[in-house]
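S.K.: Before I ask anything, here is the structure I am working with.
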Amino acid sequence: MARSCELVLALLVAAMVASPSALAYDPSPLQDFCVADESSPVLVNGHACKDPTHVSAADFAFAGLHVPGDTSNAFGSKVTLVDAHAVPGLNTLGVAMARLDLAPGGLNPPHTHPRAAEVLTVVEGEMRAGFVAADGTLFAAVLSAGDAFVFPRGLVHFEFNCGARPAIGIAGLGSQNPGLVRVADSVFGASPDVDDRVLAKAFRIDAETVKMIKAKFAASKK
């Protein structure tokens, strides 16, 4: 009987260890903070910690989110990211934030954050925000000042200024380094190039159209 109980207990422990939900959390911190030391040659998942005796309040502060982003570009948008590179004190804390500026008609083009979910709050103006689920369903809404919208981790999403005046949003992200993959840039602006035949077949267009689109992305990088 005792042996059977030990076996059951062992199986339960093994199941817990193997379960993704058992691993879906950050380990408990062993210190108050781990300010990023970007000069360290040590390679870890994040950054090595700065000597606490060299840490100051400046390591936890960022100035500039009140400054409008420059939207004079092809998309009419600008994202000001506050991650662990901008604020070393964010290292190991699992969060980041960003300011989004959209000119009238401006677009933050379809993109993903492979390492973070995001919650967007509109501060000024009006924007249409949405994401596409894995089954192709679009979830989108028009947001006004004070409204918020959530983008699940890794899903393609966008923000578009559908109003007549500039729009501003503040986003919170669930990673100190959320990552950014712009859908169009990643396939038409990749280096080395994705084979024209692959893109033509995937997007159901001809090779000449692929070349034309690639040329536009190549020109935008200059």
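Placement of Cβ uses the backbone N, Cα and C atoms for every residue, glycine included.
Dumping what TrEMBL says about this protein:
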- 1-24: signal peptide (SIGNAL)
- CYS34-CYS49: disulfide bond (DISULFID)
- 63-211: domain 'Cupin type-1' (DOMAIN)
- ASN108, HIS113, GLU118: oxalate binding site (BINDING)
- HIS111, HIS113, GLU118, HIS157: Mn(2+) binding site (BINDING)
S.K.: Compare the Cα of GLU118 (oxalate binding site) against each of the recorded positions CYS34, CYS49, HIS111, HIS157 and report the nearest.
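M.R.: Answer for the nearest of the recorded positions: HIS157.
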S.K.: Given the recorded positions CYS34, ASN108, HIS113, which lie close to HIS157 (Mn(2+) binding site), meaning Cα to Cα within 10 A?
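M.R.: Neighbours among recorded positions, in sequence order: ASN108, HIS113.
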S.K.: Between ASN108 (oxalate binding site) and CYS34 (disulfide bond), what is the CA-CA distance rounded to a whole number of Å?
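M.R.: Here the two Cα atoms are 32 Å apart.
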S.K.: Could you break down the residues of the domain 'Cupin type-1' (63-211) into DSSP helix, strand and coil, giving a count for each?
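M.R.: Its residues divide into 22 helix, 57 strand, 70 coil.
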S.K.: Ranked by the number of other Cβ atoms within 10 Å of their own Cβ, which of the binding-site residues HIS111, HIS157 ranks first?
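M.R.: Of HIS111, HIS157, the one with the most crowded Cβ is HIS157.
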S.K.: Inside 8 A of the center formed by the CB atoms of ASN108, HIS113, GLU118, which other residues of the chain have their CB, for the recorded oxalate site?
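M.R.: Surrounding the site, in chain order, are ALA98, HIS111, THR112, ALA116, LEU120, PHE151, HIS157, ALA171, LEU173, PRO178, LEU180.
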S.K.: Roughly how many angstrom lie between the C-alpha atoms of HIS113 (oxalate binding site) and CYS34 (disulfide bond)?
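M.R.: For HIS113 (oxalate binding site) versus CYS34 (disulfide bond), the Cα atoms are 23 Å apart.
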